[in-house]
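These come from TrEMBL:
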ACT_SITE  SER69  active site, acyl-ester intermediate
ACT_SITE  LYS72  active site, proton acceptor
ACT_SITE  SER132  active site
BINDING   LYS255  substrate binding site
DOMAIN    309-408  domain 'Peptidase S11 D-Ala-D-Ala carboxypeptidase A C-terminal'
Amino acid sequence: MNITHRFSKMILIIGTILMMLALPIVASASAVQNTDQPDIDATTGLAIDANTNQILYSKNINKPMALASMSKLLSLYIVRKAIAEGKISWDQKVPVSSALHKLSVDTTYANAPLAEGSHYTVRQIYQASFESANAAMMSLANLVGGSTQNFTLMMRKTARQLGITDAQIYTACGLTNGEVGSALGMPGVSSNAENKMSAKDMAMIASKFIKQFPDVLNNTSVSEYSIAGTTLRNGDYMLPGGSQYDSQFPVQGLKTGTSTTCGGSFIGTTNRDGHRIITVVMHASNTMPTDPGRFIQTKKIMNYVYNNYRYVSLSSGAKTAYQKVAVPAGKDTSVKVKTDRQFHYWINPNLSGSRVKLALKASVKDGNGIKAPVKANQQIGRLVFSDLKTLTGQSISVPLATDHSVQKANIFVRFWRGLVNLF
């Protein structure tokens, strides 16, 4: 049996054994039910693991579409960064200009009236913005950016830094450029210009926000908030007490978006059995202010993920008896390898099995194996699950390291092996 054949067989064994051993580690895995991915009644749908960004459900996730108030998620992430960097503080006062006051009393849009010349704290305005108060969001944008127009430029830059290249951004709150008024909108831009991003883009923002500032869930899960004598009610009907609340999926936000062009949209998150996912539904039905369409479709996605996928967790140092890599020039001709960090992924047993391959580092590669000598705990490459993709298009993978050291064989042994392999 030649080295190439042995290596290919060994990789197949690695993948099979790893997945077989990992599956029993699943924490409270739900019983497998429906095998078909649901065809949701919305233009776009997406579900990802909140930590690894592994895609668990997808429908038309790359097309930029109108966001409406979901835009505020990016804006509020920038505000949190500004607070973390000491540029503004929670107790700092937020001034209200004439233009901001005018927008705040426009009952056409979600708002809380803000008195001109009055000052509210960043903390107050921040929470009001999660409840979709548009003028509140614009006032924070004005504070952080120095002007609402400059804040829009900050949004565009931040989106690019997050890997988002197709965003169209004009306002901090999600209203069109004309709806916020000339004093707050972008100059030289159509009044109909509105923010657009894809479901994939929104999931990237949400994932980054939750990872960097996990306490944001305390804000997104608030069902109502009062400011300036006005009680704002969260449009997320999946929160406790809402008409679409479901104890199976303890939703903690994140943000709704509603407009004629946006329809009913919602980016949500839930944590079941300790496994958090993020969902995005865009352009669902919105025939009336209380239309539950977006939430019904969100529940379809959540139900599909938790009832069809198994969550697999591997601890750092996980290994199997057959998990070896060839060391052609070593005293020992193979070395056991192990995972180099804690690792988890989701697998759907109803779908075709994931292809598993070993991607060795170029610096250590020797034919189909690795160079000798080998150090203990030396990172040699990654175990790649080719069919399990993340938002960036990369495959889910885990770094592998050697279990022990292997010395280099002397020149006579290596010469003899070379002769044997010729026949």
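From the backbone N, Cα and C atoms, a Cβ is placed for every residue, glycine too.
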Under DSSP, is SER132 (active site) helix, strand or coil?
coil
If you draw a 10 Å sphere around the Cβ of SER132 (active site), how many other Cβ atoms fall inside it, taking every protein chain shown into account?
27
On average, residues of the domain 'Peptidase S11 D-Ala-D-Ala carboxypeptidase A C-terminal' (309-408) score a pLDDT of 89
